Amino acid sequence: MNGDHMVLGSSVTDKKAIILVTILLLLRLVAIAGNGFITAALGVEWVLRRMLLPCDKLLVSLGASRFCLQSVVMGKTIYVFLHPMAFPYNPVLQFLAFQWDFLNAATLWSSTWLSVFYCVKIATFTHPVFFWLKHKLSGWLPWMLFSSVGLSSFTTILFFIGNHRMYQNYLRNHLQPWNVTGDSIRSYCEKFYLFPLKMITWTMPTAVFFICMILLITSLGRHRKKALLTTSGFREPSVQAHIKALLALLSFAMLFISYFLSLVFSAAGIFPPLDFKFWVWESVIYLCAAVHPIILLFSNCRLRAVLKSRRSSRCGTP
């Protein structure tokens, strides 16, 4: 899902790679449609009613950032496919990279704040800090949203500075993308500036996300065991609700993990972009990205209500 993974100067002609690229495009379309529906459904309700649950506001933020991110990645994929010999730091690709850096950071931070909200509101820990956070967290929602924009903007500017300096070096020295000197300048900047910056900016929200998810899954697991001991089994509504919540959280965590690993692998060059394994890995990640919005649609009460109303309106029932 990394927008920087395309290596220019070569066109993909292998049949297997073309098939996987086609699958990737289809999965991206599914992810775009799913996140677009989530954003539109909750966003319209937010605008019309002027009220929305804090959790749903975070879902709007996450859905919008994912929708825009997938659209930018698809646009870059199409551009690179149509212009395989394009200069890597031309204005078009710099503009797409600028958008990708911002939306990628916004997606990471939106996911992180959503995990924080889930952890504080759902976890059943009895520590006084948790009780204090439960009462304060909803009031901090605007700051969460603004911090996502602020942190994303700050890191995007830092990435843009590095990319723009490489672009200026190429122009100043009249270098070509495939020139040895140009490659050494690019690798030096990647190794000592961009790669450390990527690891810092990506690891910070990921660490918070993991801590919150571990706490939340542990709390729900303990609560489920207690519910099983005091009820007749898995058919009890309370037990089923906890199982559904666990499955939704696990799918959310799996998507976030795969997304983070794709960023790290791409930045470290573990899977070369023209390698077949790279496209297989990307297909698995986008499969998770396409499935997760569907899980959200059926696990969120408001989204389920929107789906039911759409079905009833199509069937002509009141």
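Even glycines carry a Cβ here, placed using N, Cα and C.
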Range among 184-204, 205-225 that Swiss-Prot annotates as transmembrane segment: 184-204
Swiss-Prot annotation: T124 and I157 on one membrane face: no
Which stretch, out of 265-285, 286-306, is listed as transmembrane segment by Swiss-Prot? 265-285
Ranking 41-61, 129-149, 265-285 by the number of C-beta pairs under 8 Å to the transmembrane segment (89-109), which range is first? 129-149
Helix, strand and coil residues within the topological domain 'Cytoplasmic' (29-40) as assigned by DSSP: 12 helix, 0 strand, 0 coil
